[in-house]
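According to Swiss-Prot, the N-linked glycosylation site annotation covers Asn62, Asn81, Asn103, Asn117, Asn127, Asn132, Asn146, Asn334, Asn393. Annotation source Swiss-Prot lists topological domain 'Cytoplasmic' at 1-25, citing sequence analysis. Annotated topological domain 'Extracellular' per Swiss-Prot: 47-646, in sequence order, evidence recorded as sequence analysis. Residues or ranges marked as transmembrane segment in Swiss-Prot: 26-46.
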Amino acid sequence: MGNYKPSIKQYVVTVKAIKSSQFGRLGICAVVLLFVLGYPFYFISNNPFDTSIRYQYVDPYNDTTRKYTTIEKQHTDIGGNGTTILYPKNLQLDQTALSQLLNTTETTNPFVQYIGNSSSIAFSQLNQTLVNHSIQVFDPFSNSDNCSDLMTETQLTISQNIIIKESFEIMVKRLMHQLDTEPAFKELAPFFQNKLSLHLRMRSYHKHFYKFARTSVWLKDYGVHLMISRVIYSQKGKKGDPQISLLYTQLYDTNWQELTNTDLLVSMQDITGEYKLEKLQFPRFLPMPFYYNPKLTKGRWYGPEDARIMLVKNQLDMEEPVVIYNSYHRQIANHTTTGKTDGSVELNFEFYRSMFVGWPFRYQLGKSNTDGFVDDRFDNVKFTRVAELKIHNQTRASIEKNWTPFVDPSERDPEDKSLYIVYQWDKLRILKCDISNLVTDDGFIHYSACRFKQDTKHDEVEKVGPIRGGTELIPTIINNKQLWVGFLRAHIDKCGCGKAMYRPNMVVLQKTDMGTFQVAYLSSYISFNIPVPGWKTHEIQCGKRDPNVLIPNGISNWEVATIDGIERDVLTMTLSAADEDNILMDIHGLKTVIKNLITNQKHGNEFNSDSVQMKCVVAYSIEFCRAYGEEQARLGLTGGWLPSHN
């Protein structure tokens with residue numbers, strides 16, 4: 001027989017001979033085959049190998065050369081009733097009255113009234129091992145263009161830095177509880193793709209959650225630090241590709257031990273403006289209102305970013321925390337008629353990243369002020385009260401960020417009605433924002449009107465300089481001068497260590513006799529002797545495409561203690577390294593350092609307005625970056641890349 005090639009007619013005859021039951025069996029086999037071949041791809045796409053199969057948990061706090069804080073884990077019943085209720089020392093209510101007020105029992109929820117002093121300084125802080133740390137500061141009181149004429153080298157007295165130990169397990173469990181039980185969080189569930197339980201089982205949360213930018217305030221009537229952190233979640237486990245950002249709040253005692261499952265009894269301001277006693281459980285995610293669409297996540301980072309917490313005086317003459325942050329939101333740009341007989345219109349939106357102020361101890365209903373219009377899903381949902389910080393009579397910019405907040409205690413009556421913002425440090429521009437009387441342009445959405453208190457802007461459009469953001473500014477008076485002290489951050493690209501370098505810069509802002517502001521002193525880069533891990537791989541420093549990041553987040557407290565009859569001030573600040581490690585560090589005797597700078601000022605009061613001071617700070621910071629990169633290359637820690645700078 002030769003080669004046999006069946007004709008199409010023969011194929012048709014063969015097919016007709018197959019019984020229907022055989023077709024059924026073939027169909028079942030095809031479905032099974034598709035499942036066997038296709039399911040692994042579906043599983044991998046939803047449960048990547050790097051997080052679900054080959055992921056091996058590594059304790060991020062196992063470096064024996066570093067010092068860590070502790071976590072009090074006596075109570076970790078997330079969502080349970082076994083919490084301790086802490087109430088302030090100035091509240092005159094017995095525990096029976098408190099039980100009736102909160103509809104609870106002393107047995108189930110023990111009440112604890114704080115009876116300690118108002119100081120945040122712990123005994124351990126006064127007995128730390130301290131070292132001197134040299135910094136270079138520059139003043140503007142000279143007509144010279146020579147940086148050495150503006151520069152003074154001085155010493156800071158600093159403590160060993162401490163990494164704040166985290167429990168991601170507690171945090172993820174708290175998030176799951178809030179997603180299940182709190183209306184403000186339920187609509188956020190799609191961002192997490194039903195994988196939170198998987199992250200807990202596999203202990204893979206460190207690959208998807210990143211917690212940094214921690215900043216805190218001392219609540220003196222409760223004897224606790226209230227700390228707020230930014231938590232980002234990446235579905236793909238990439239730090240540079242998060243889909244959502246949330247704010248997580250925690251409580252710490254004076255020794256920086258975290259207090260879990262603790263309630264604070266606080267005076268909450270409701271939507272009518274009245275104050276009522278309510279208990280807030282910690283740790284918890286703040287129910288911040290923000291615009292989001294879980295179906296559209298590419299290139300959109302939803303949620304609050306770069307939050308800074310600080311204390312202001314409210315109308316009850318009590319200290320109250322406020323949070324300054326930036327967030328992606330939308331507003332109605334215009335509307336067009338649809339041409340339908342029902343008179344309906346089509347809304348057109350614009351999207352922005354703007355600055356906001358939030359009050360953690362106040363509520364609002366709904367989130368129309370971040371979404372641009374009323375959504376009936378949220379009409380009766382309680383969120384943290386927020387307001388946009390908007391420059392009055394000026395078109396809203398597409399992006400606003402890196403504002404530096406402070407208050408002026410001399411203007412209190414009795415509350416802080418205004419919030420000051422350093423909008424730009426180079427060619428100083430300062431806003432004054434009204435936070436006591438919000439305004440509206442459309443009778444619908446209210447915002448805080450910000451007006452320039454000081455503006456040296458030139459006619460040409462200028463880019464934001466490399467020195468920006470940083471901590472809030474803390475007021476003080478030294479040598480009868482009204483000053484504000486903080487730590488900015490300089491962001492310098494391609495200076496000799498990878499893609500960019502971020503480091504702290506100490507700043508002293510001064511109010512002149514004329515009522516204007518000037519930068520009295522500004523330092524170049526400060527290392528604080530803090531080890532900075534690589535951005536992607538901890539062991540690789542100054543990677544070609546990676547930033548090298550140490551950012552100051554906030555000043556937790558700055559107080560004076562008396563030791564053997566001698567007064568010594570202690571400033572505690574928080575920093576973030578590589579957007580992962582959260583660090584505490586103390587500076588002792590900073591007021592003395594500033595007093596000596598003022599007393600020994602080399603020049604008169606003639607102010608150089610040509611930004612020579614800023615140029616010198618940047619130049620010396622670039623030199624720091626170059627030397628740092630060369631040292632990492634010498635040590636073989638750059639992953640094969642040789643640092644270079646422009």
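Each residue, glycine too, has its Cβ placed from N, Cα and C.
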C-alpha spacing of Asn334 (N-linked glycosylation site) relative to Asn393 (N-linked glycosylation site), in angstrom: 18
Under 8 Å by Cβ from Asn103 (N-linked glycosylation site), same chain, sequence gap 6 or more: none
DSSP-derived structure type at Asn127 (N-linked glycosylation site), helix or strand or else coil: helix
Of the glycosylation sites listed as Asn117, Asn127, Asn132, Asn146, the one whose CA lies nearest the CA of Asn334 (N-linked glycosylation site): Asn146
Inter-residue C-alpha distance, Asn132 (N-linked glycosylation site) and Asn146 (N-linked glycosylation site) (nearest angstrom): 27
Proximal but sequence-remote residues of the same chain as Asn127 (N-linked glycosylation site) (Cβ under 8 Å, at least 6 apart): none
Cβ-Cβ neighbours of Asn334 (N-linked glycosylation site) (radius 10 Å): 10
Cα distance (Å, whole number) from Asn117 (N-linked glycosylation site) to Asn146 (N-linked glycosylation site): 49
Taken over the topological domain 'Extracellular' (47-646), the model's mean pLDDT: 89
For Asn334 (N-linked glycosylation site): DSSP state (helix, strand, coil): strand
